[in-house]
Amino acid sequence: MDAFATSPTSALIKAVNCIAHVTPMAGEDSSENRRASNYKPSSWDYEFLQSLATSHNTAQEKHMKMAEKLKEEVKSMIKGQMEPVAKLELINIVQRLGLKYRFESEIKEELLSLYKDGTDAWWVDNLHATALRFRLLRENGIFVPQDVFETFKDKSGKFKSQLCKDVRGLLSLYEASYLGWEGEDLLDEAKKFSTTNLNNVKESISSNTLGRLVKHALNLPLHWSAARYEARWFIDEYEKEENVNPNLLKYAKFDFNIVQSIHQRELGNLARWWVETGLDKLSFVRNTLMQNFMWGCAMVFEPQYGKVRDAAVKQASLIAMVDDVYDVYGSLEELEIFTDIVDRWDITGIDKLPRNISMILLTMFNTANQIGYDLLRDRGFNGIPHIAQAWATLCKKYLKEAKWYHSGYKPTLEEYLENGLVSISFVLSLVTAYLQTETLENLTYESAAYVNSVPPLVRYSGLLNRLYNDLGTSSAEIARGDTLKSIQCYMTQTGATEEAAREHIKGLVHEAWKGMNKCLFEQTPFAEPFVGFNVNTVRGSQFFYQHGDGYAVTESWTKDLSLSVLIHPIPLNEED
């Protein structure tokens, strides 16, 4: 189908770059009656970040050649003959080292072979084997019923007490339980049982390696972890194991550093773009390019998706600024003008806005139109109507929240979340990523519009991102003058304490993950990359908001991980 066939002609943009005439009325921003955001300046050196675009590691070419040889060796390991449990453990290690994308087909083939094997003696009475098999199969799109855990229950229907001593089995059960669906009560019981008992023994585990794995899992289960972040931690952890495979470890290090060098060049180019926009000089909004690049790597780290990361990071950096305009800086009249301009996707009327807000708006238009132009040039598809629609919907949601604040209206939790799962902004990034990666035979005006309509998969992604954001940021945002968040909405609606409200929101997180998990198995019109993007944006949020607001404020844990994931290569042995 012709990509232009059903597109509204009004959405066909005549020029990529918008140039506005700024009148004296828009010349200065009055600070009178504007709320202060009190954001700290970015702690990142943008000159250094820009230099990453041209940095060259001469050893990298040598490592790439060595990595290709090691890759074939690892492929042979995966396909080799071994005991079923050993095969599962190897696949688990390969995935945790961040190498799943290199061996996708081999892993799926081996897991299918184990799944179709009629023999169950090797796993049916072994909690570790049963749980590891369950998790790996579900992670890779092969459904296994929860009933496989029934054999580990006693006559009263509770998990057998002797399992409390099986720490490795408990750990595998714990990780498996996070792939449960709504209504899978057995997995809920497994989560509670394994969590309680692992917490009871975590300080007394004799094996240092197993003890570290348990504490790491209790802090963040694998299913909720971003693959790239997890790989950086696990590479160091795997190196400490007694039975480490040296060539597998070496390949993981090589691959991590090779991908990191690609990310560094991308980050350098993005830093240059950011400085050229001039928006890095605006002090009333957040400067979050580095955080957004980390988020982009959580969403999709694989080298072949550089254009997806580039668009996602640019849009997310602008979204943070637009969000701050609506939440704190702009007057209600200015916000209505801003929303109208975006809704029309026409800069007529921009002279009614202050200069600083106009700069953000124009950069937003120019960036979106450039992304749309690249889509048309590279894929023959006009994506601008869909990107513009996503921006318009987002700004309308922001405006609704601003009106709530200015009028003193207190929404119910349900009303807040219905608006908030879109105002969290990930629909825009997901729409753009869909346009960039969907197969051309399936990419139509209607299919792109469907993504914009927030179907169930996108809805769960938005809801989880919103809940994580609120758990990490609500107190600070309300202190800045932002609208009530989910925690405060629940407190107002029910009279609950803040502690009780937080526990309720955490419960909603677990329930929303169950809905997301089920979506991953349901018939979907989406190709695999897009499905993964939805889940991975949530994993990025989990990281940034796990211990507070690691997004708006560059906390030590976010900066340390950013340095280890993006800046500092993994040290190699001298002979490498």
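Any Cβ shown, glycine's included, is placed from N, Cα and C.
Around Asn469 ((2E)-geranyl diphosphate binding site), a 10 Å sphere centred on its CB holds 22 further CB atoms from the protein chains shown. For Arg286, Asp323, Asp327, Arg466, Asn469, the entry in Swiss-Prot reads (2E)-geranyl diphosphate binding site.
DSSP assigns Asp323 ((2E)-geranyl diphosphate binding site) to a helix in the three-state reduction. For Asp323 ((2E)-geranyl diphosphate binding site), the same-chain residues that are 6 or more apart in sequence and have a Cβ closer than 8 Å to its Cβ are Tyr398, Ser425. What Swiss-Prot records for Asp323, Asp327 is Mg(2+) 2 binding site.
The Mg(2+) 1 binding site annotation in Swiss-Prot covers Asp323, Asp327, and the record cites similarity to another entry as its basis.
A simple way to gauge crowding: the CB of Thr473 (Mg(2+) 3 binding site) has 21 other CB atoms within 10 angstroms, across all the protein chains here. Annotation source Swiss-Prot lists Mg(2+) 3 binding site at Asn469, Thr473, Glu477, citing similarity to another entry.
What Swiss-Prot records for 323-327 is motif 'DDXXD motif'.
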Among the binding-site residues Arg286, Arg466, the one whose Cβ has the most other Cβ atoms within 10 Å is Arg466
Rounded to the nearest Å - Cα separation of Asp327 ((2E)-geranyl diphosphate binding site) and Thr473 (Mg(2+) 3 binding site):
13
Using DSSP, would you call Arg286 ((2E)-geranyl diphosphate binding site) helix, strand or coil?
coil
Rounded Cα distance, in Å, between Arg286 ((2E)-geranyl diphosphate binding site) and Thr473 (Mg(2+) 3 binding site) is 14
